[in-house]
Amino acid sequence: MYEQWVTYFDGLTIRAMDNVIAGGIAFTLSYLRGAMMLLVLIAAVLMLRGDMTVSWGVRKIILGLIVLALLQVGNYNAVIREPFWITIPNGIASALNGGPVSITAAQRFNSIAQAIEHVVALADQRIGNPFWNIRASMSVSIVQLFLHLFLAFVFAVWQVARVATALIISAGPFLLIAALFETSRQYVLDWFGKLISVSALTLYSWVMTEIALAGGMTWIQQRFTADNGMSATISDLLSLCAWFFICSLIMVGLPMLASIGGSGGAGVATSVGAGLAGGKVASGAAVSGTASAARMGAAIGASIKRSMGRGGR
């Protein structure tokens with residue numbers, strides 16, 4: 001199931017991402033070429049008047065040419081899309097497997113799901129007639145449900161890291177033009193920082209997924225080979241359930257670890273924390289976010305004012 005889901009969902013994600021990238025590049029280039037011509041004209045006039053140094057004008061023109069070069073579909077895919085969507089995730093997978101990738105994470109999820117079903121079938125076999133062992137039968141069914149829920153949650157966190165990477169990559173063509181202006185360049189730097197953060201989140205989710213799946217598989221192989229009796233079987237199933245629950249709790253905090261001082265992962269972690277803790281935390285986060293937005297707006301306004309003051313002089 002997991003392998004088919006990944007194939008289907010990745011196909012949809014890649015198709016949407018490529019369409020947005022192509023559309024965003026076409027949209028941005030329609031404005032960027034005109035902006036570049038206007039920038040060159042203004043820079044030439046200001047340099048002739050002596051209001052601007054030659055080095056400043058050359059830096060602006062070079063920056064514009066770099067942005068223009070990046071906003072070609074082939075260049076953007078080679079510099080941004082391929083490294084963050086394919087190269088880095090494959091490198092992480094290769095490192096975790098100790099060499100060339102021989103099995104995907106989706107295949108590992110399928111393996112652990114099949115192992116859970118095998119263990120449950122073994123427990124049902126030991127129970128015998130469920131009408132004579134209703135309590136044991138219900139316990140096994142509840143544990144089976146929770147095991148699959150925790151496994152699905154671990155898979156969801158891993159998949160969210162993939163989707164977040166695609167979303168941030170897709171936003172690039174619309175944001176790169178902001179690098180031409182002093183007051184908006186920070187947004188481009190923040191966008192690149194989010195790419196780094198989501199790459200770290202991908203790494204952490206891969207590592208945590210590997211820990212969860214390897215631990216679950218090892219426990220199944222060690223505890224469910226011998227005939228330990230019905231009580232021991234249910235106890236071992238509960239222990240396996242607790243293992244996935246602990247791994248799920250750790251994975252909730254992965255976005256905070258992936259923030260690396262930035263706002264990308266921290267924002268996700270704050271949202272998750274607010275949802276888990278209730279309205280008071282959410283209200284506090286909203287007030288804090290409003291204050292931060294006000295301070296950011298004031299800083300941008302002051303920067304624009306200083307830039308206009310320098311231009312007047």
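Cβ from N, Cα, C; glycine included.
Remember, TrEMBL labels are computer predictions, not curated facts.
Not measured: the values here are computed from a predicted model.
Sequence-distant contacts of the transmembrane segment (20-48) (same chain, six or more residues past either end, CB-CB distance under 8 Å): 54, 57, 60-61, 64-65, 67-68, 71-73, 76-77, 81, 169-174, 176-177, 180. The transmembrane segment annotation in TrEMBL covers 20-48 (among others).
TrEMBL lists 60-80 (among others) with the feature transmembrane segment. If you look at the transmembrane segment (60-80), the same-chain residues 6 or more away from its ends with a CB under 8 A from one of its CBs are 21-22, 25, 28-29, 32-33, 35-36, 39-40, 43, 169, 172-173, 176-177, 179-180, 195.
For 136-156 (among others), the entry in TrEMBL reads transmembrane segment.
According to TrEMBL, the transmembrane segment annotation covers 163-181 (among others).
TrEMBL lists 201-220 (among others) with the feature transmembrane segment.
Long-range contacts of the transmembrane segment (240-261) within the same chain, counting only residues at least 6 positions beyond its ends with a Cβ under 8 Å from a Cβ of the stretch, are 116, 119, 143, 146-147, 150-151, 153-154, 157, 196-198, 200-201, 203-205, 208, 211-212, 215-216, 219-220, 268-269, 272, 276. Taken from TrEMBL, the feature transmembrane segment applies to 240-261 (among others).
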